[in-house]
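Engineer: TrEMBL feature annotations, pasted as is:
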- CYS273: active site (ACT_SITE)
- HIS331: active site (ACT_SITE)
- ASP354: active site (ACT_SITE)
- ASN394, ASP396, GLU442, GLU447: Ca(2+) binding site (BINDING)
- 265-357: domain 'Transglutaminase-like' (DOMAIN)
Amino acid sequence: MAAYLDISSWDLACEFNNTDHRTDLNGVGRLIVRRGQAFTINLQLQSGAYDAQAHSLCFIVEAGPEPLEESGTRAEFCVSDSIDDTCWSAMVTSPPGDTLCVSISSAPDAAIGRYTLTLDQHGYKINLGEFVLLFNPWCPRDSVYMDDEEALKEYVLAQDGIIYMGDHNYQLPMAWDFGQFEEEILDACLRILDVNPKCQKNQAEDCSARRNPIYVTRVISAMINCNDDNGVLMGRWQEPYEGGVKPMLWRSSVGILRQWCRESCSAVRFGQCWVFAAVACSVSRALGIPCRVITNYLSAHDTNQNLVIERYVNEKGEPEKRTRDSIWNFHCWVESWMTRPDLPSGYDGWQASDPTPQEKSEGVFCCGPVSVKAIKQGELSFKYDAGFVFAEVNADVQTIMRLPDGSTRDVISPAIVGQKISTKSVGSDHREDITHLYKYPEGSDEERETFKKAEHLNKLQQHKDVGLDLTIKLGDSLRKGCDFDVFALAKNNTSKNKRCRLLLASRAVSYSGVIGGDCGYKDLLNVDLPPGGERKVPLRLNYNKYADALTQDNLIRLAALLIDYSNGDTVLSVRNVVLDNPEIKIKILGEPKEHRKLAAEITVQNPLPVPISSCCFSLEGANLTGGRTITERLQTTVEPGQEAKVKVYFTPTHSGLRKLLVDFDSDKLCHVKGFRNVIIGK
């Protein structure tokens, strides 16, 4: 006759297990564990004691609407003498007594998501409760395993980070609150998986596929944008932003994911590339996939897959929109760490994926994951979307001038896409240049072989040298509110006298290349350049001219055009100027302690030659402001050179190194950003 244990109660030991599995920042009110790692449950016995010879204890774990063992969404296993780390298994770890401690280990390739746990004694079943299972980059058998503890702290556990913006000559760090452990965020991430179209079409198949981080990453890439589905974010790249939030105002993924969940999966308005990438990074880290945000400066968008960006300009050197091809000042995507058993050996590690909706992949607006090493090696046939990402960092640029009579002329305009590819360094706020992971050095033999493999023939051709050099130089004090000079420097490298026309134009521009208002213009009809001679031409940019033209990106596009009257040769030089905003000064008042009210004094000096009003400070930070944004407004006008100052209170919830993120906005000085690291004591 079968013997049954008389179980009066049970405990999933959430606090102990969550801490052991590094999920305790999600809270300890429910069981959240990582696959391939044992967790403990406690069974309280009403009477008697456990006898391995007499009692049979089995467990059933199930996920999804149609749990099946062959799909990896159901497992039935009994207590044995030891844990088997290759599959679901269990063993008793306590001596005989009133409390029976059972260690349960999940399979290292189990599907992630919500599970039910059931105890089975010869058909007598007790539902012990639910738990959430995540990827486990600390487990050597997991396909997201990363053998670097410091990197794991950065790419999985860090709730804040830095995203790089600005220009390849002037990279601007912007702190971001990923907030993957804030309240409601894990549920939002699981909901993203549940409402994705593949799950809606076949829930059982989708749940089974969640064993694979390649599949999950591709779903994330598609679901962060809303172009095909009930995705998280709607993109918009220029005014108007009515009915939503300007992309530059976002500093955290938390508010975005919470709003999407609370509004029944309606798309949050609006995002641009760094917002899409940051939210994708938050979701990946929340699910246990090591992830980081990447910025590619001078990023190409090749729509016709010919690895050539055709750039049209008018007779002033100003861009014309003749094709969908474009070069963005910078573009952000994410990299996720995993093995690639679907590719030849050697392509594990960082995989690029891009949630910004640019082109369709297999009929859906998503991109990747594609091995970063495959991009470097020119393996354009590899899954997924290798050709598109290769073009982003390697495309050739052909510049064509369209004249007023409709005719065209080739323009010599050196432009190298894929510059200063950047991410935050592990364990510090410094920028790490990872360009070498995506491409070989310009002009190297390895680069040439890669282009041959990719059939990138344009890059192998020698570009025409007409003997004229044209560069743009910058003056000092490129601060918003100042007047400053820029210069076109023309040089004649030939043995002949040259008479040329030189134009120097400036226009406001967005980071994605959308041209704004005029900021200044100069046209010299007769510039004489003797052999070996040069000419430096200044252009004064005045605040009262560029102030109303600037976009949220504080960028001005400079274009210098040199036309040789003797033969019509035309040289174009383009450079973007990033105007500095003033520094936000953040002073912490008192000793920072968890669960103790803390004050910060924040000041910004008005650098403009005019007064500013409607001043507003916004603060947020993971484990500092409770997952919400704190705002403080000033009722007074701030005169030129004077400071706007506020004191703000908040209560940190967890100890450790945290980033306090601050934004400042006013009627004339907008999108000023700053941050400060704060060490919170226990």
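Note that Cβ sites are derived from N, Cα and C of the backbone, with glycine treated the same way.
Since we're looking at a predicted model, the values are computed, not measured.
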Engineer: CYS273 (active site): which of the recorded positions ASP354, ASN394, ASP396, GLU442, GLU447 is the nearest Cα neighbour?
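Structural biologist: Among ASP354, ASN394, ASP396, GLU442, GLU447, ASP354.
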Engineer: Which whole-number value in Å describes the distance between the Cα atoms of ASN394 (Ca(2+) binding site) and HIS331 (active site)?
Structural biologist: 14
Engineer: Based on Cα distances to ASP354 (active site), point out the closest of the recorded positions HIS331, ASP396, GLU442, GLU447.
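Structural biologist: Among HIS331, ASP396, GLU442, GLU447, HIS331.
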Engineer: Mind looking up the mean pLDDT for the domain 'Transglutaminase-like' (265-357) in the predicted model?
Structural biologist: 93
Engineer: Considering Cα atoms only, can you say which of ASP396, GLU442, GLU447 is the nearest neighbour of HIS331 (active site) among these binding-site residues?
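Structural biologist: Checking each of ASP396, GLU442, GLU447 against HIS331 (active site), the shortest Cα distance is to ASP396.
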Engineer: Just name the winner among CYS273, ASP354, ASP396, GLU442, GLU447 (the recorded positions) by count of other CB atoms within 10 A of its CB.
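Structural biologist: Going through CYS273, ASP354, ASP396, GLU442, GLU447 one by one, the largest Cβ count within 10 Å is at ASP354.
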Engineer: Ten-angstrom check, please: count other Cβ atoms within 10 Å of the Cβ of ASN394 (Ca(2+) binding site), all chains counted.
Structural biologist: 24
Engineer: Take the Cβ of HIS331 (active site) and count every other Cβ within 10 Å, whichever protein chain it belongs to.
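Structural biologist: Neighbour count, Cβ to Cβ under the 10 Å cut-off: 26.
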Engineer: Give the residue counts of the domain 'Transglutaminase-like' (265-357) per reduced DSSP state, in the order helix, strand, coil.
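Structural biologist: So the counts come to 15 helix, 41 strand, 37 coil.
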